[in-house]
Amino acid sequence: MTASPTIDPPFLEVRGLKKNFGGFVALKDIDLKVPRGKFVCFLGPSGCGKTTLLRAIAGLDPQDEGTILIGGRDVSHAPPSDRDFGIVFQSYALFPNLTVAKNVGYGLVNRARPRREIEERVNDLLALVGLPDQGSKFPGQLSGGQQQRIALARALATSPGLLLLDEPLSALDAKVRIRLRAEMRTLQQRLRVTTIMVTHDQEEALAMADRIVVMNHGVIEQVGTPEEIYRRPATPFVADFVGHMTFLDAVVTGPRSVKVGSLDFVVAEDAGAPVGAAVRLALRPEAVQTRGVAPDALNRFEAKVGGLSFLGAFCRAHLTPVAGGSAPIAADISANAMRDLGISEGEVRAVAFPPEALRVFADARP
Amino acid sequence: MSGAVEAMPAVSPRAAATRRFAISETQVAGLMIAAVAAVLVLIIALPLWALLSKSLQSVDGRFVGLQNFVTYASTPTLMASLVNSVWVAGLATAIVIPIAFVYAYALTRSRMPLKSVFTAAALLPIFAPSLLSALALIYLFGNQGMLRSWMMGASLYGPIGIIAAEALYSFPHALLILTTALSLSDGRLREAADAMGTTRRRIFWTITLPGARYGLVSAAFVVFTLVITDFGIPKVIGGQFDVLATDAYRQVVGQQNFPMGAVVGIVLLLPAVAAFFVDRRAQKRQTALLSARAVPYEPKPDRQRDAALFLFSALVALAIVATYAVAAWGSFVRYWPYNLSLTFANYDFAEVEPTGWGGYSNSLKLAGLTAVLGTTLVFVGAYLIEKIKPYRALRGFAHFLAMLPMAVPGLVLGLGYVFFFNASWNPLNVFYGTLTVLVINTVAHYYTVAHITALTSLKQLDHEFEAVSASLKRPFWTLFGRVTAPICAPAILDIAVYMFVNAMTTVSAVIFLYGADTKLASISIVHMDEAGAVASAAAMGTVIMATAIGVKVLHVALTALVFGRLQRWRRR
């Protein structure tokens, strides 16, 4: 699986990576290419292998088998100090007994530079992360968000070719997290440093990444741009993990049609299964059309509105087709629509599934 | 600078220059771990092996299987010592544990005043050689004792004296374990019980006691082991009452019957090994009791309970302090108990002991060297074991060796050293009787507690420091010097003081190992007491105690003053 069809050789390339912890398979034959200058997120639930993969790339927990190339150089067996990367951990791992300036300058001292040059570089880095004049403080005197930025400055100090971020935002408050998300993204684009971030937060991955690598049970499920991942999930797992997804049991009735209970649906893509095969039909709650449903609209049906829950900007409803034969379908109705249409619990309305929003997955369940 | 740069492509002339150092950082770490493991094999594993193999040999060195153990079991006098040791240690344990438990309860679960004073008083015995408590009891209840009438005709010299002195000496060890066990309990449980209207008696039996159960078992084993392996007290106050520890001494030093000494050593090893495993089990369970969400228990004031516990603690503390104070007082008295005028004459050790004050300066040298070398070895070793990733098997082996001395009483380790360092085949036997062997023996003897202290403090550091440092291309020793050691400075100082104090007070291991020029202060106490110079023995004991307390006070002051400044970063 490749990140993108680029002509340039990838900056980071992973081939056939395997890692076991005792009997547990953490990484199962991972292949991956990361183009130079891109921001890539490893996304997946805990235990999916994303951190293991990051640590293998860093050389912190070496793989059992496989090859890792950074900048075209085989570093599969090189120690971490030999791999040209900067890293930010969830805990930041700032040295508490050193000042902010000494933390940032930690990696600069042994490079035979005059002291003044190092000081300048440290000041530049602190300015870069928006914390000038904080150099003489100790990490313990800074807020979580500030500490995170210092850790970033320290990781960037040696101008590494690769920046590794291991859940760098998950220890922060929601508000700070969203602000730093944007700041880090801007910084990465300015510096054009190839970046890999591990996260379990799909929203974070969607907001920040050029490419998302979705992982589960030690394998890569899908690689793609945020939009590809969200709109065209390659597997039910990706569909379910990224955003909210309703799955309906369906039977293939034609090349582009399926049946759920007694309802027929047209799908935009080839069902990829023979007529009569059991499949799973998936769609996102926000894709359910609730307003302005034309009488002759495709995939139109009558449904009873139930289980309304208020979620701020929108309401989530559970629609039960009047015709029956389907599990309740989650639908997000915007606050505007709620007000304009006066939707209420128990009412029966006409709704529709736009064909291009429907995905068909083979039924892999036992 | 770092050899690790060597493997990089020649990105700069500097990298090419460092290519000459053909050894990588990882290899340096591996060599250092191997070196630590080798040292531990030499100072811990090999002496123990010497002890075990010696017990299976005849006096002239032939392998005789279990013959020595058969001989031991069929010699009535030796078996009598075993029986004596077991019941004396058992009784001392039965006395110490309940008292220490109530004392610990008072310190952790009441609002009585002066808790820090009570803690300090209870820890006093740690700063003195074990036999000083015996000397003090002789002053009070011995043949010329002030309170001899309290004995109602019974003799102090024998089991009574041993048990009383051992109880005093082992009290702080039990107390430390029990206060930890009692302070490690979840306050929420108490609150829940209170909310349900549970009676206090029921709370005690259903929450407090079960919570401290493992601490109690652990403390009981520790006290039993301390008492059964202690040499100083039975030597001074035991009279004709033989115990295992004095038997071992007599077999080895008196009769030069090394195999039989080894057998006694192995018999002494058994309770300590059992205690070691019980303690490990107990610790595992104890931590499992405490969830991350546990809230420390804050006792509420309760007049009646606090007053009763205060009274009890005051009596116990007074008994401890008074005993050691009597020893100190006695050392200044001209002729106990007939002429109580004060004098420094007893401190003129040259009068009664050929080495005079030399023993004291030897002890200082030993304690200083042990503190410096031991702390360095322990902390560097613990760092490599805890923080270096590769060489898992070797690190595990080194850790096992580091934990081993916990299960080996000083007397047994001392015997192992005699057999190992005194052996004619061993090129290291040139060190026998020198300060070198005393230092390494003392380091080995107290290795485990120091090792655990170091590990505990290292485990508190973010375990990604090494990864960050490596990503910034700085070797682990830079991180160690700039970050790890400075942050762990308080723990390092704790270890150094622990090593120093124990090296000052120990008798049991070094009694077999000193030479003519390296007699220690604690050993000269034994000899002066043997020669009948009880006042001088008490004087030497007092000097040791004063030194150890002085170092501890210095430690506290240093921690408060210097670290207040150096560790400015700890403040928010």
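Going from the start of the chain as shown, residues are counted 1 onward.
Glycine is no exception: its Cβ is also placed from the backbone N, Cα and C atoms.
As given in TrEMBL:
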- B:82-279: domain 'ABC transmembrane type-1' (DOMAIN)
- B:360-555: domain 'ABC transmembrane type-1' (DOMAIN)
- B:28-52: transmembrane segment (TRANSMEM)
- B:86-105: transmembrane segment (TRANSMEM)
- B:117-140: transmembrane segment (TRANSMEM)
- B:160-182: transmembrane segment (TRANSMEM)
- B:203-228: transmembrane segment (TRANSMEM)
- B:258-278: transmembrane segment (TRANSMEM)
- B:309-332: transmembrane segment (TRANSMEM)
- B:366-385: transmembrane segment (TRANSMEM)
- B:397-418: transmembrane segment (TRANSMEM)
- B:430-449: transmembrane segment (TRANSMEM)
- B:491-514: transmembrane segment (TRANSMEM)
- B:534-563: transmembrane segment (TRANSMEM)
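Against the transmembrane segment (B:534-563), stretch B:117-140 shows more Cβ pairs under 8 Å than any other of B:117-140, B:160-182, B:397-418, B:430-449, B:491-514. Beyond the transmembrane segment (B:28-52), the same-chain residues lying 6 or more positions past its ends with a Cβ under 8 Å from any Cβ of the stretch are 3, 262, 265-266, 377, 380-381, 384-385, 388, 390-391, 394-395, 397-398, 401-402, 404-405, 408, 412-413, 415-417, 419-421, 423, 440-441, 443-444, 447, 475-477.
Under the criterion of 3 or more C-beta pairs below 8 Å, with sequence separation of 6 or more, the transmembrane segment (B:258-278) and the transmembrane segment (B:397-418) qualify as touching. Long-range contacts of the transmembrane segment (B:491-514) within the same chain: residues 126-131, 229-232, 245, 249, 252-253, 363-364, 366-368, 370-372, 374-375, 378-379, 409-411, 413-415, 417-418, 421, 432-433, 437-438, 441-443, 445-446, 449-450, 453-454, 456-457, 485, 520-523, 525-526, 544, 547-548, 551-552, 555, 558-559, each at least 6 residues beyond the stretch ends and with a Cβ under 8 Å from a Cβ of the stretch. Residues 33, 36-37, 40-41, 44-45, 47-51, 225, 229-231, 245, 248, 252, 258, 261-262, 265-266, 268-269, 272-273, 275-276, 279, 378, 381-382, 384-385, 437, 441, 444-449, 451, 506, 508-513 of the same chain sit 6 or more residues outside the transmembrane segment (B:397-418) yet have a Cβ under 8 Å from a Cβ within it. Between the transmembrane segment (B:117-140) and the transmembrane segment (B:309-332), three or more CB pairs separated by 6 or more residues in sequence fall under 8 Å, so the two stretches touch. For the transmembrane segment (B:366-385), the residues of the chain that approach it from at least six positions outside its boundaries are 29, 32-33, 36, 39-40, 395, 398-399, 402, 435, 438-439, 442-443, 446-447, 450-451, 454-455, 458, 480, 484-485, 488, 492, 495-497, 499-504, 510, 520, judged by C-beta separation under 8 angstroms. When Cβ-Cβ distances below 8 Å are used as the criterion, the transmembrane segment (B:309-332) is approached by residues 99, 102-103, 105-107, 110, 112-114, 117-118, 121-122, 124-125, 128, 132-133, 135-137, 139-140, 168, 171, 342-344, 346-347, 534-536, 538-539, 541-542, 545 of the same chain, each at least six residues removed from its ends.
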